[in-house]
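Read the structure below first, then the notes.
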Amino acid sequence: MLIRSFPRWMAHSLSAETVLCLKPGGWSSMSDLSPFPVPADDSSLHGPVFLQEPNSLIFPLDSEEKKVKLSCEVKGNPRPTIGWKLNGSSIDVGMDYRYSLLEGSLLINNPNKSQDAGTYQCVATNPFGTIVSREAKLQFAYLENFKTRSRSTVSVRQGQGMVLLCGPPPHSGELTYAWIFNEYPSFVQQDSRRFVSQETGNLYIAKVESSDVTNSRVLGPPTPLVLRNDGVMGEYEPKIEVQFPETVPSAKGTTVKLECFALGNPVPTISWRRADGKQLPRKARRHRSSGLLEIPNFQQEDAGLYECVAENVRGRNVARGQLTFYAQPSWTQRISDVRAAIEERVSWECRASGRPKPSYRWLKDWGAPFAVLFPQGRVQLEQGSLSIANVSLSDAGMYQCVAENRHGVIFASAELSVIAIGPDFSKTLLKKITLVKVGGEVIIECKPKASPRPTYSWKKGKDILRENERITVLEDGSLRIVNVTKSDAGSYTCVATNHFGTASSTGSLLVKDPTRVMVSPFSMDVTVGESIVLPCQVSHDHSLDIVFTWTFNGHLIDFEKDGDHFERQDSAGDLMIRSIQLKHAGKYVCMVQTSVDKLSAAADLIVRGPPGPPEAVTIDEVTDTTAQLSWRPGADNHSPITMYVVQARTPFSVGWQAVSTVPEVIDGRTFTATVVGLNPWVEYEFRVVAANLIGIGEPSSPSEKRRTEEALPEVTPANVSGGGGSKSELVITWETVPEELQNGGGFGYVVAFRPLGTVSWMQTVVASPDAARYVFRNESLPPFSPYEVKVGVYNNKGEGSFSPVTVVYSAEEEPTRAPTTVLARSLSASDVEVSWAPPWENQHKGRIQGYEVRCWRHGEKEENAKRIRTVGNQTSTRVSNLRGNALYHLAVRAYNTAGTGPSSAAVNVTTKKPPPSQPPGNIVWNSSDSKIILNWDQVKALDNESEVRGYKVSISMVQGSTSVIETNKTSVELSLPFEEDYIIEIKPFSDGGDGSSSEQIRIPKISSSGSSTSSACTLSALSTIMISLTARSSL
């Protein structure tokens, strides 16, 4: 795009809203073009941009598709036109029928290697400029036939090395070589003895064998191979016939192939290494018995001196070559479009990596005169940087940064748009109303769009505003007024002018009275739990809204989240703090804001409370009963610490317990104490609690756990006793000493005993601290003999004291005689009574502690008998819960702690018949003025039941008292129930016991008034009928 300067008269004729751009046919007005933002989509006008650039191609001449396509896709607005260049010269598509364009891509029909081979570039142009694509090479691949003349016979000795030359025909492009053995398709197989070089096509045989005699060829005339008959070739050292060049330039990312093969007898082995001692790349691969080393994705670290070593038993040979690294340029930083205001400075920087390091050049509108930029005047070039000072419209266009080295060239494109526009306030009007307080400072911004930068002037009302010590026009055109007064109020107009026009915008300045704090919060000293109000009252201009906010230690108070403690007073800005805690201590700031000013007032709140927890409680020294502690004081929370209390905890205590210390009272200035009265050999941990005049604080963290030292045991077992056991045993028991009182490890008991009245003690050691019993066995031990017993304690430190002496009896013998005169009589259908006489004292051994009665029903086994035991001298007992009218056998024997004696002879007894099973029926009651008469039907016993001897009438009160009346009649008289209702039950009784009871009858209490009595009598008559019916129905 060609931009020319325009006459001065044209500039003066443009309006303030005119933007200048060049299009074909001259200048045009584009008032809708935004001069500063870079366009984000294709709807805005912009220069050409490549979407796809051509790639290098290799075209096979024998291809069936006689067509080549070089792709090029471009966007731009207006749509760019596309042209092509071959070897720097423009291609006239219209002059050669073989050329055509398809949406910018170049199509070549029937391509010809002599005419069409070369370097192509795509050129894109629109009114904003021209850009050129990267270079794309078009090459032609072909392979002609071998010459048909025959090849000479090769004569060789067996064991000799040999080379068969390929002599490839004329060609272009990379070839792949293979040799045919005798006839196609029998190919020569490559191995450690035979190798086909892909560089020359030659066939190398390290050591000829008889099987090699044949005609070999590469799709050309055969090469006959015959063996000489003048002997076999002897052994000789390797001779390297195939080796890579001394220097191998290798491109970044390519696959590098190094060939190495040697002739020799025996067949040499091939190995590879780096001469600098580094390991071969792990990605390196060896092919064809190591004759080919392949390094894929070649990088800088792969470069170096490589060696091929060929060796056999006769010697070794080495070939060396240097792999050098090169890389085509690749962008690391591209340039991007720039929109600049006229007279601004524009800078671009592009960066590319490559080996060797790329050089840079810059193009502007490729193909135009002076398209290559040079550093002169306003244009500065340095490496990949381009800088243009004081840009003008003529600088607009398409720029390209070109990075190149001897291995390639790359292009990066960007557009420079130069904007020229008169001042425009349409989107940046002055603020309609600006508020400021008296004595304050105000800046009225004036920021029109304009290019170049305009000059500014201001008016107040219709008068030109003059600058003075209070009024200043800033560099960006804004108006600054300091120490504002009421007289500064009014309308202000900003006038902006450049050589493309003049524009203005007007706004008003309102001056308000300042806000003043009348009652500010003041610092306070409070105690935990109190509630206070921090005042914050102001005077302000009542035409303005006012907002109060409070901060606490720099953080805004959230009255919803912290509403439990903070409350804003509705009438003013006062802050109420309820139930103050230690965490509420700090700095409170009341902030007052209007639309013209903002001010604040602060106060410090000191909260006094119980002390914080002491720190670093340490056990400095322990003995068996003491512990020396030290600690650091915690926060006193603005009230001096008056006292410390030490608490301890052991595995045996319930929580933390206060302990005795020296000094007994620890004042607030003392940070050490000795805990006394501890138990030896117990693991303790300690904590310290501080107190002040306000209260007791939180306890410290626990100290480490420490065990007190061991000491002799002091506590003896309690409740030493015993007795019982089997024959010839003395059983001694005691209560174990708790672990916390054992005073050391290795704790156990010493049991001492002696016959009552003797001097010498027998002792034994019980090593278990959990033992609570010792049994002494001796066949000569007299039964039930008294022994004095005591139990002592010991631990690792030695023996402690013994418990007080107590008397324990040895085990006794079981009784040897049976009770006599055993009698049994039936008391009822379920109970019998049994009695006996004790055996004579001079006829048995063993103390009798009581008797055991066994009772079993006839037909049952004696071992399943019911057993009832008596205690002491009791010689009779009752056996209950038996079956009625049944035969039972009973026997009695004496017992003591040693066991039971022999049983008496069994006696028999038959229980009485069961009582009547039928309850009394047809129960009726009548009342008179002084009594109640109950009547019921006589109960008749069944054949297997005891005869009825009478009836028991149970009278219960609702409150719980009960009385029973026995009668041999079927009626009874009762006094009237004046106090509460009667509950009546009637049951028969017999020799077999009490029979079944009737249902409960409720008789309501009688009113004391005369009218109530007659009424009660009436009710009684009705009740009699109801009860009678009920009794009959139940029967």
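Placement of Cβ uses the backbone N, Cα and C atoms for every residue, glycine included.
Look at TrEMBL and you will find 901-911 tagged as compositional bias 'Polar residues'. Long-range contacts of the compositional bias 'Polar residues' (901-911) within the same chain, counting only residues at least 6 positions beyond its ends with a Cβ under 8 Å from a Cβ of the stretch, are 814-820, 822-826, 828-832, 834, 836, 844, 846, 848, 854, 858, 882-895.
Per-residue confidence over the domain 'Ig-like' (54-139) averages out at a pLDDT of 90. Annotated domain 'Ig-like' per TrEMBL: 54-139 (among others), in sequence order.
Per TrEMBL, domain 'Ig-like' is recorded for 238-324 (among others).
Positions annotated as domain 'Ig-like' by TrEMBL: 329-417 (among others).
According to TrEMBL, the feature domain 'Ig-like' maps to 423-512 (among others).
Residues or ranges marked as domain 'Ig-like' in TrEMBL: 514-600 (among others). Taking H, G and I as helix, E and B as strand and the rest as coil, DSSP gives the domain 'Ig-like' (514-600) the counts 3 helix, 39 strand, 45 coil.
TrEMBL lists 613-711 (among others) with the feature domain 'Fibronectin type-III'.
Per-class residue totals from DSSP over the domain 'Fibronectin type-III' (716-813), listed helix then strand then coil: 3 helix, 49 strand, 46 coil. According to TrEMBL, the domain 'Fibronectin type-III' annotation covers 716-813 (among others).
For the domain 'Fibronectin type-III' (818-914), the DSSP-based tally of helix, strand and coil residues reads 6 helix, 45 strand, 46 coil. As annotated by TrEMBL, domain 'Fibronectin type-III' applies to 818-914 (among others).
Counting residues per DSSP class in helix, strand and coil order gives 0 helix, 44 strand, 51 coil for the domain 'Fibronectin type-III' (915-1009). According to TrEMBL, the domain 'Fibronectin type-III' annotation covers 915-1009 (among others).
Cβ atoms under 8 Å from those of the region 'Disordered' (699-724) belong to residues 613-615, 617-619, 622-627, 629, 631, 634, 647, 649, 656, 678-689, 730-737, 741-745, 747, 749, 789-804, 806, 808-811, 897 of the same chain, restricted to positions at least 6 beyond its ends. Under the heading region 'Disordered', TrEMBL lists 699-724 (among others).
TrEMBL lists 901-922 (among others) with the feature region 'Disordered'.
The region 'Disordered' annotation in TrEMBL covers 989-1015 (among others).
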So, taking each listed stretch (329-417, 423-512, 514-600, 818-914, 915-1009) in turn and counting its Cβ pairs to the domain 'Ig-like' (54-139) that are under 8 angstroms, which one gives the highest count? 329-417
